[in-house]
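For reference, the structure is listed below as structure tokens.
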Amino acid sequence: MQVLLITISLAVLPYLGSSIILESGIVNDYEVVNPQKVTAMLKGAVKQPEQKYEDTMQYEFKVKGEPVVLHLEKNKGLFSEDYSETHYSPDGREITTNPPVEDHCYYHGRIQNDADSSASISACNGLKGHFKLRGEMYFIEPLKIPDSEAHAVYKYENIEEEDEAPKMCGVKHTNRESDKSIKKASQLNLTPEQQRYLNTPKHIKVAIVADYLIFRKYGRNLFTIRAKIYEILNILNEIYKAFNIHVALVFLEIWSNGDKINLFPAANVTLDLFGKWRERDLMNRKNHDNTQLLTGMNFDGPTAGLGYVGTMCHPQFSAAVVQDHNKINFLVALAMAHELGHNLGMTHDEQFCTCGAKSCIMSATLSCEGSYRFSNCSREENRRYLINKMPQCILIKPSRTDIVSPPVCGNSLVEVGEDCDCGSPGYCRNPCCNAATCKLTPGSQCADGECCDQCRFTRAGTECRPARDECDKADLCTGQSAECPADQFQRNGQPCQNNSGYCYNGICPVMRNQCISLFGSRAIVAEDACFQFNSLGIDYGYCRKENGRKIPCAPEDVKCGRLYCFDNLPEHKNPCQIFYTPRDEDKGMVDPGTKCENGKVCINGKCVDVNTAY
């Protein structure tokens with residue numbers, strides 16, 4: 001691996017006036033540095049000429065006359081393995097690509113001999129980002145001087161604010177319990193299942209949507225918008241390391257030919273519409289855990305963002321809206337981290353909440369102090385939320401063979417050649433894993449997993465995954481692995497829910513429940529006569545498709561085609577209702593394995609005998 005050592009000579013140039021205009025705004029006090037690259041090969045390193053950006057870099061420079069050494073590692077977990085982007089042509093055509101992102105230019109880092117330091121840097125065109133040194137936050141960005149390597153280093157407090165009014169989160173009701181009860185949350189008696197859930201690393205696959213206002217704000221330049229969002233996600237990823245939560249960008253959509261929903265200055269209205277669009281549209285196109293709308297809309301009052309509380313993994317409510325309220329990407333990332341915190345069960349901090357800084361991430365007033373720490377209250381609330389709700393989607397982690405870039409110890413992703421990876425030595429809190437080598441500590445059999453307890457394999461027969469319902473089986477540890485075995489189900493065709501259905505791949509598919517899922521809690525299955533539409537072979541009634549052609553149902557199969565329901569709402573009189581969307585025509589069909597008659601189930605659009613179906 002080629003390692004780049006860059007020495008920055010710190011000739012502090014004379015100021016060209018009392019202030020300077022940078023991307024971040026007008027800065028009144030700054031230092032000018034001029035990076036000079038010096039390459040060196042470390043012992044054992046292998047040069048990889050196909051890489052444009054090195055995996056590991058060091059920068060040596062001075063701040064206030066004091067020398068510092070900044071160590072950087074490429075953030076290998078910034079993008080998911082199946083990352084994709086979508087934008088729209090002027091005539092509305094959807095354009096989706098899978099850009100190569102493994103050789104990207106976004107880094108995390110630390111300052112040598114400063115245990116509390118951190119950094120998030122873009123090295124795409126010079127150095128742009130922030131680093132924390134001796135408890136103070138500094139920003140660095142290239143100066144736009146022709147044929148020059150000059151950069152500016154400055155502190156947030158030296159930036160002139162265009163809008164001095166503090167920005168707020170739009171969440172109004174926190175229902176925070178007392179300081180005493182917050183402390184007690186960490187003393188809860190946990191079941192083995194809850195403890196295993198807490199010990200398992202979490203992975204949030206985030207989708208970002210940039211609206212048409214953002215597209216226009218940044219000169220209709222897709223490259224500029226991508227770079228901004230990559231920077232924000234790099235910071236978000238860094239922030240959530242504190243919870244051992246890995247945040248990866250799985251999808252980016254830019255509404256380049258107009259917004260897909262109506263946007264309103266009332267943040268709650270925009271969030272409601274965005275969540276519904278997410279469930280109706282985006283969830284059908286891209287598998288992900290959480291969606292954040294980055295908008296150019298100026299919300300009413302001081303509101304800079306709004307997110308649902310305690311809703312991670314929900315198809316509609318695992319979402320938030322964030323205003324692009326500041327030129328500094330770091331502050332926009334803090335707002336997004338705040339709203340994502342709401343999705344993860346955190347509410348606003350009260351006066352008794354502390355994080356060792358002037359302001360914490362979950363303060364109702366968004367921090368401009370450069371702090372990205374979570375308070376003791378936020379940590380306990382997140383812990384309690386995870387214990388009580390155990391959202392399952394964030395347990396799905398990438399396979400070590402799915403990670404296409406070279407392995408790097410310390411990025412919290414277990415890759416080929418590693419036993420474990422608990423993050424950098426400064427973040428690692430796992431006694432079973434050596435953070436410096438990504439190998440198990442002496443005597444340890446495992447570092448994490450549902451069947452790992454205190455660094456040892458759990459004894460054989462210990463339940464690691466309880467039965468979810470009557471069609472599922474409890475799964476047991478083998479005593480030979482830290483991983484819970486593959487999910488095992490009851491046999492297909494076993495009666496369930498008081499003979500209203502038959503088990504199918506671990507669930508009990510029943511028409512009534514499918515209607516409730518599509519039309520709400522009052523919905524019921526429509527009268528038998530409605531299902532006769534399935535004999536027509538049209539959009540609103542068919543059993544299956546062959547070569548794109550809709551095949552009508554035979555008379556005995558009509559209950560295995562389009563699902564007909566009645567939502568039971570007083571204002572609706574149509575007794576034959578269906579769910580139909582041209583983007584996903586098969587959504588709203590009767591699920592496979594659903595009971596269609598006594599002793600019969602739907603398989604491939606036919607109502608067949610349950611004893612021969614499987």
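Cβ from N, Cα, C; glycine included.
Owing to the predicted nature of the structure, the values given are computational and were not obtained by experimental measurement.
Among the features that Swiss-Prot reports, active site is placed at Glu339, with the record citing sequence analysis. Glu339 (active site) carries a helical DSSP state (H, G or I).
Marked as Zn(2+) binding site by Swiss-Prot on the basis of similarity to another entry: His338, His342, His348.
Every protein chain considered, the tally of other Cβ atoms within 10 Å of the Cβ of Leu413 (Ca(2+) binding site) stands at 24. The Ca(2+) binding site annotation in Swiss-Prot covers Val408, Asn411, Leu413, Glu415, Glu418, Asp421 and rests on similarity to another entry.
Neighbour count (other Cβ atoms within 10 Å of the Cβ, all protein chains): 23 for Cys360 (disulfide bond). Marked as disulfide bond by Swiss-Prot: Cys355-Cys360 (among others).
The Cβ of Cys409 (disulfide bond) has 20 other Cβ atoms within 10 Å, all protein chains considered. DSSP classifies Cys409 (disulfide bond) as coil under the three-state reduction. The disulfide bond annotation in Swiss-Prot covers Cys409-Cys438 (among others).
Same-chain residues at least 6 positions away in sequence with a Cβ under 8 Å from that of Cys420 (disulfide bond) are, in sequence order, Val414, Asn430, Cys432, Cys433, Cys438, Lys439, Leu440, Cys446, Ala447, Asp448. The annotation disulfide bond is assigned in Swiss-Prot to Cys420-Cys433 (among others) on the grounds of similarity to another entry.
Annotation comment: Swiss-Prot describes Cys422-Cys428 (among others) as disulfide bond. Listed in sequence order, Asn244, Ser412, Cys428, Arg429, Asn430, Cys433, Ala435, Ala447 are the same-chain residues six or more apart from Cys422 (disulfide bond) with CB atoms under 8 A from its CB.
Residues or ranges marked as disulfide bond by Swiss-Prot: Cys446-Cys452 (among others). A sphere of 10 angstroms centred on the C-beta of Cys452 (disulfide bond) encloses 25 other C-beta atoms.
The annotation disulfide bond is assigned in Swiss-Prot to Cys451-Cys477 (among others) on the grounds of similarity to another entry. A coil conformation is recorded for Cys477 (disulfide bond) in the three-state DSSP classification, outside any helix or strand. Counting only same-chain residues at least 6 apart in sequence, those with a Cβ under 8 Å from the Cβ of Cys477 (disulfide bond) are Glu450, Cys451, Phe457, Thr458, Arg459, Ala460, Gly461, Thr462, Glu463, Cys464, Cys484, Pro485.
The annotation disulfide bond is assigned in Swiss-Prot to Cys464-Cys484 (among others) on the grounds of similarity to another entry.
According to Swiss-Prot, the feature disulfide bond maps to Cys496-Cys508 (among others). According to its DSSP assignment, Cys496 (disulfide bond) is in a strand.
Here Swiss-Prot flags Cys515-Cys565 (among others) as disulfide bond. In the three-state DSSP classification, Cys515 (disulfide bond) falls within a helix. Within 10 Å of the C-beta atom of Cys515 (disulfide bond) sit 23 other C-beta atoms, taking all shown protein chains into account.
Of all Cβ atoms in the protein chains displayed, 21 besides its own lie within 10 Å of the Cβ of Cys530 (disulfide bond). The disulfide bond annotation in Swiss-Prot covers Cys530-Cys576 (among others).
Positions annotated as disulfide bond by Swiss-Prot: Cys543-Cys553 (among others). For Cys543 (disulfide bond), other Cβ atoms within 10 Å of its Cβ number 25.
Cβ neighbours of Cys596 (disulfide bond) (same chain, under 8 Å, six or more residues apart in sequence): Asp557, Lys559, Cys560, Val590, Cys602, Cys607. The feature disulfide bond is assigned by Swiss-Prot to Cys596-Cys607 (among others), with similarity to another entry given as support.
Per Swiss-Prot, the feature domain 'Peptidase M12B' maps to 202-398. Confidence annotation: the domain 'Peptidase M12B' (202-398) carries a mean pLDDT of 90 in the model.
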When distances run from the Cα of Cys543 (disulfide bond) to each of the recorded positions His342, Val408, Cys565, the nearest one: Cys565
Cα separation, His342 (Zn(2+) binding site) to Cys355 (disulfide bond) (Å, whole number): 17
CB contacts for Cys446 (disulfide bond) [other CB atoms within 10 A, all chains]: 21
Separation of alpha carbons, Leu413 (Ca(2+) binding site) and Cys360 (disulfide bond) (Å): 27
Those recorded positions of Asn268, His342, His348, Asn376, Cys452, Cys496 having Cα within 10 angstroms of Asn411 (Ca(2+) binding site): none
From recorded positions Gln194, Val408, Glu415, Glu418, Cys576, the one whose Cα lies nearest Cys565 (disulfide bond): Cys576
Minimum Cα separation from Val408 (Ca(2+) binding site), reported as the residue among recorded positions Gln194, His348, Cys452 that achieves it: Cys452
When distances run from the Cα of Glu339 (active site) to each of the recorded positions Gln194, Cys409, Glu418, Cys530, the nearest one: Gln194
Rounded Cα separation (Å) that holds between Glu415 (Ca(2+) binding site) and His348 (Zn(2+) binding site): 37
